[in-house]
Amino acid sequence: MSFDPGSALQHRKRRHIDVCLTEAVDYQTVTTGFERYRLPYNALTQTDLRRIDLSTEFLGSTLRAPVLIGAMTGGAQLSGIINRNLAAAAQQLGLGMMLGSQRVMIDDDAAAASFAVREIAPDVLVIGNIGLAQVSPAIVPGLATALGRVGADAVAVHTNPLQEAMQHRGDTDFSGSLHRLSELVDALGYPVMLKEVGHGIGAVAAAELVGCPVAAVDVAGAGGTSWARIEQFVRYGEVRHPALAEWGIPTAQALTEVRAILPDMPLVASGGIRTGMDAAKALAMGAQVVAIARPLLAPAIESVAAVVDWLEVFLEELVICLHGCGAQDLDALRAGGVVATT
Ligand SMILES: Cc1cc2nc3c(=O)[nH]c(=O)nc-3n(C[C@H](O)[C@H](O)[C@H](O)COP(=O)(O)O)c2cc1C
């Protein structure tokens, strides 16, 4: 029997979804760290709750609220349903959306249909996706075609050395990847955002990025979904290396570290963002927007309405946070900062 890398990749994507839906895939001991901060509550707020303005700019688009639907999936048939439901919700709420890795689309033309969201989401900031381990000069034309086909506004490159190391037949050669990232930025003609997948971009990686012309960084820190955990469930049916599954830079720490080293870089806070309060703290600590991935997976399999419901609860809490801080808009929220409690 011949080995078909395209279908093997689609099978793995499907296993990721199944494991995310059935196993405990969150960090078991590591938290995001946002619980160590408090928003400065203002009992004499002068804001009107109904007039709070959440709008923001990100990668050249105006969002109605500072929220991106996190990169999740594409390729398998179920992925098409997930992507379309997420896209329709993003359009309804005026949010941005990241697609899952488009590698499968470059390898197998038939997979493209599962990424087709532009008709459903004509006004949405759509961010394509590729793995840093797959980035090379040879991939540039195929990637540009894939981005053009989905009508992407930008691309996220995910760097995931720990995830790949846990994966059966993972791409484990990251040598020269920083140079290849810079080459991609120069050659592609799309804004490039660098992201992790939940183990965090922190001070050391941020220092490597000084001078690299990426358009944004998504810190994708620890405290939410652990991909080193998921890959162990996929590979062994159990977690054999619990210490590796718990390894990462907590999201609040990652955000603080990257902000200090790259003060002008637009930052996404993600990894364990679960509530409007988490988002408000991340924004007050300097994130331009937040992103949410796994909590939206089950709603996205269900319906557009289920995704919208989940996000509306989240956004309602975020609005109340601004109101309680006396912040009319996100600039005012950021100006107020956060209070460290430990
Ligand atoms: C089912 C699923 C598939 C994912 N696939 C991708 C992917 O293809 N590319 C990527 O950059 N990140 C991918 N991620 C990682 C997320 O974008 C995110 O960085 C990570 O899950 C941490 O965020 P969370 O705690 O909100 O889930 C995936 C996440 C989930 C849950």
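Positions of Cβ are set from backbone N, Cα and C atoms, glycine also.
TrEMBL names ALA71, MET72, THR73, SER101, ASN129, LYS195, GLY272, ILE273, ARG274, ALA293, ARG294 for binding FMN. Of THR29, THR45, THR225, THR341, the residue it gives for the same site is THR225. Long-range Cβ proximity for ALA293 (FMN binding site), meaning a same-chain Cβ under 8 A and a gap of 6 or more residues, is found for ILE69, GLY70, ALA71, MET72, GLY224, THR225, SER270. Here the domain 'FMN-dependent dehydrogenase' (10-103) is broken down by DSSP into helix, strand and coil counts: 37 helix, 16 strand, 41 coil. In this structure the alpha carbons, written CA, of ARG12 (substrate binding site) and THR73 (FMN binding site) are 11 Å apart. When secondary structure is read from DSSP and collapsed to three states, ASN129 (FMN binding site) falls in the strand class. Proximity of the binding-site residues SER101, ASN129, GLN163, THR225 to ligand 1, judged by a Cβ distance under 6 angstroms to any of its atoms, singles out SER101, ASN129, THR225 in sequence order. Per-site Cβ counts within 10 Å over the binding-site residues GLN102, GLN163, THR225 peak at GLN102.
ASN129 (FMN binding site) is 16 Å away from GLU164 (Mg(2+) binding site) when you measure Cα to Cα.
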